[in-house]
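Visitor: Please see the structure below; I have some questions.
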Amino acid sequence: MISLPRTTFLRSKDINNSTTATTTTSSSSGEARKAFITCSLNFKKFFFKREVKGMEHTSAKDMVDEKTAVGGGVQDVYGEDSATEDQLVTPWTVSVASGYSLLRDPHFNKGLAFSERERDAHYLRGLLPPTEISQQLQEKKTMHNIRQYQVPLQKYIAMMDLQERNERLFYKILIDNVEELLPIVYTPTVGEACQKYGSIFKHPQGLYISLKEKGRILEVLRNWPERTIQVIVVTDGERILGLGDLGCQGMGIPVGKLALYTALGGVRPSACLPITIDVGTNSEQMLKDEFYIGLRQKRATGQEYDELLDEFMSAVKQNYGEKVLIQFEDFANHNAFKLLSKYSTSHLVFNDDIQGTASVVLAGVVAALKLVGGTLAEHTFLFLGAGEAGTGIAELIALEMSKQTKVPLEETRKKIWLVDSKGLIVRSRNSSLQEFKKPWAHEHEPLGDLLSAVKAIKPTVLIGSSGVGKQFTKEVIEAMASFNEKPLIMALSNPTTQSECTAEEAYTWTKGRTIFASGSPFDPVEYEGKTFVPGQANNAYIFPGFGLGLVMSGAIRVHDDMLLSASEALAGQVTQENYENGMIYPPFSNIRKISAHIAANVAAKAYDLGLASRLPRPENLVKYAESCMYSPAYRSYR
């Protein structure tokens, strides 16, 4: 049984105001003030358990999550994280909350699942209908209601409303129905949600840090009610999926990513913080939309942008400590590479578009080798798209080749070719190439289009990350099939409308011989009496487990070898049965088990590299990862 104290606490700035008010009042009634303080101190001793600066206190959150403190929220045994918490120093700021407030707190609300005893103990009698039902029945009813909606965006809104009403039920439903709901809470539906975010906005689900807050970002971070944050997902909204600059309305991406951190990776929700950096938008559509919720100005760039990001990164480290993971999400290419390079030596940072995508694609390629044959180094790769995703994937594949063959990285890169909007990236274009493209400029005659590149390079693996749909034409796919018995084709651009080709097109145009994977989900395809199940190279396979591995090991930096370890762990979860169905990724129904293995591999590499701070190292990292995962099952309150 978990004790649920009916208490609320004020932050330090509120405490100062309260102290002033109390002192003023007490000047005319010293004895009353003395008696009140004595009473409050006794009240405090009854509820407070955890020692801080010589005083004992426990917040409601701490008490409810007591049994799962390691659950995606590994206990901070060294005390670094709690060192920045506002300390509670004035006992008379404690106030008793009513049962009505409890029903409106999503962290603790159980709705009709409150027992008779709990309804009496926590002032809920009469605030609920008399029926008492289980969490399982609540889940059944909620899923029945969600399935009544025909429009995916309606299902998305229903899920977000549930998250704001009953957090544990939201995660229970998402975990138990992950394959059905993943396309709803994340790609592709989240793309439409971001486009219409101003119209559907109801609750501030994260922190919005705009240019108006410049010089005050630390103060803004302290407005967030949770003090112990372990994972931050942040975007500036400039390149949301394949939809472009959505500005402040990109908040749907951090919210969705962190929901998956909890559901798939087990990081406890109170340790997750979604943030949008609002520096304006260059989208005329957004600026003219009367419901747009962000700054109505063109994007800030240059020094103004850099100073805001510098202040943000410093404030995060000051407020949450060295070990908070900051995941950059959907930044435009020119900022994404710069930010990752700039802060990777001073912060625990990760870019999912560059590193997460690379890791999940490498896992699919490694798994596919069992179907197409040969070693990684024996294959030739051609990419359509040379942005964050394309160059990130290419670099990780080259790193894995170098690791396997002991050949220098500069040599393994020569097995990988990239096509951008101007054609094949070759040495003669060097003077006009951006820095991150230059490692992929090889000696070859210039070629202006993808089909020409396919015919000249004769790749065994074709990967699309351009963000532009319908680029893998029938001619391109048939060319791949003409010199490969089993061509590996990966159409990775999101959402579904931006995919380079559909699963049906890939299977049909190769006469069922292709090994296919996409970024957004496609239904199984029947071709000449055989059913093909397309793989989905979804980053959700990697980043939740990757983040859990960093958190549970107390890692202080991200290393490329950790990404390789995550890929190896994911590829190792593909079973023989999966291969027989042509699948190169395991089913999402096993995602928590998959995440535990990825977390274990990542944590092991962190310990091997001397980057882990949580000692001693657990003997069985897989079991430890499973024990660290947040459970959405209801708690019983005393």
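Using N, Cα and C of the backbone, Cβ positions are placed for all residues, glycine too.
TrEMBL: automatically predicted annotations, no manual curation.
Look at TrEMBL and you will find 163-344 tagged as domain 'Malic enzyme N-terminal'. Residues or ranges marked as active site, proton donor by TrEMBL: Y186. Annotation comment: TrEMBL describes R239, N494, N538 as (S)-malate binding site. Annotation source TrEMBL lists active site, proton acceptor at K257. If you look up TrEMBL, you'll see E329, D330, D353 marked as divalent metal cation binding site. The domain 'Malic enzyme NAD-binding' annotation in TrEMBL covers 354-607.
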Visitor: To test your reading of the divalent metal cation site: which residues beyond E329, D330, D353, same chain only, put their Cβ within 8 Å of the Cβ centroid of those residues?
Guide: T235, R239, I240, I253, F328, F331, A336, N351, D352, E388
Visitor: Just how many other Cβ atoms lie inside 10 Å of the Cβ on N494 ((S)-malate binding site)?
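Guide: If we count other Cβ atoms within 10 Å of N494 ((S)-malate binding site), we arrive at 24.
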Visitor: Have a look at the recorded positions Y186, R239, K257, N494, N538 and say which one has the shortest Cα distance to D330 (divalent metal cation binding site).
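Guide: Going through Y186, R239, K257, N494, N538 one by one, the closest to D330 (divalent metal cation binding site) is R239.
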Visitor: At the level of the C-alpha atoms, what whole-angstrom distance separates K257 (active site, proton acceptor) and Y186 (active site, proton donor)?
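Guide: A Cα-Cα distance of 7 Å.
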Visitor: Say you check the Cα of Y186 (active site, proton donor) against those of the binding-site residues R239, E329, D353, N538; which is nearest?
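Guide: Result: the closest of the binding-site residues to Y186 (active site, proton donor) is N538.
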Visitor: Would you mind listing, in sequence order, the residues at least six apart from D353 (divalent metal cation binding site) in the same chain with a Cβ closer than 8 Å to its Cβ?
Guide: F328, E329, D330, F331, A336, E388, A389, G392
Visitor: Could you work out which of the binding-site residues (E329, D330) has its C-beta surrounded by the smallest number of other C-beta atoms within 10 A?
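Guide: Comparing Cβ neighbour counts within 10 Å for the binding-site residues E329, D330 gives D330.
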Visitor: Compare all C-alpha positions of R239, N494, N538, the record's (S)-malate binders, and send over the largest distance in angstrom.
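Guide: The span, Cα to Cα at its widest, is 18 Å.
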Visitor: When the number of other CB atoms within 10 A of each residue's CB is tallied over all shown chains, which of the recorded positions R239, K257 has the maximum?
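Guide: Highest number of other Cβ atoms within 10 Å: K257.
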Visitor: Counting every protein chain present, what is the number of Cβ atoms, excluding its own, within 10 Å of the Cβ of Y186 (active site, proton donor)?
Guide: 25
Visitor: On average, what pLDDT score does this prediction assign to the domain 'Malic enzyme NAD-binding' (354-607)?
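Guide: Mean pLDDT for the domain 'Malic enzyme NAD-binding' (354-607): 95.
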Visitor: Just to confirm: which same-chain residues, 6+ apart in sequence, have a Cβ under 8 Å from the Cβ of N538 ((S)-malate binding site)?
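Guide: The answer is L182, T187, V360, G519, P521, Y585, F588.
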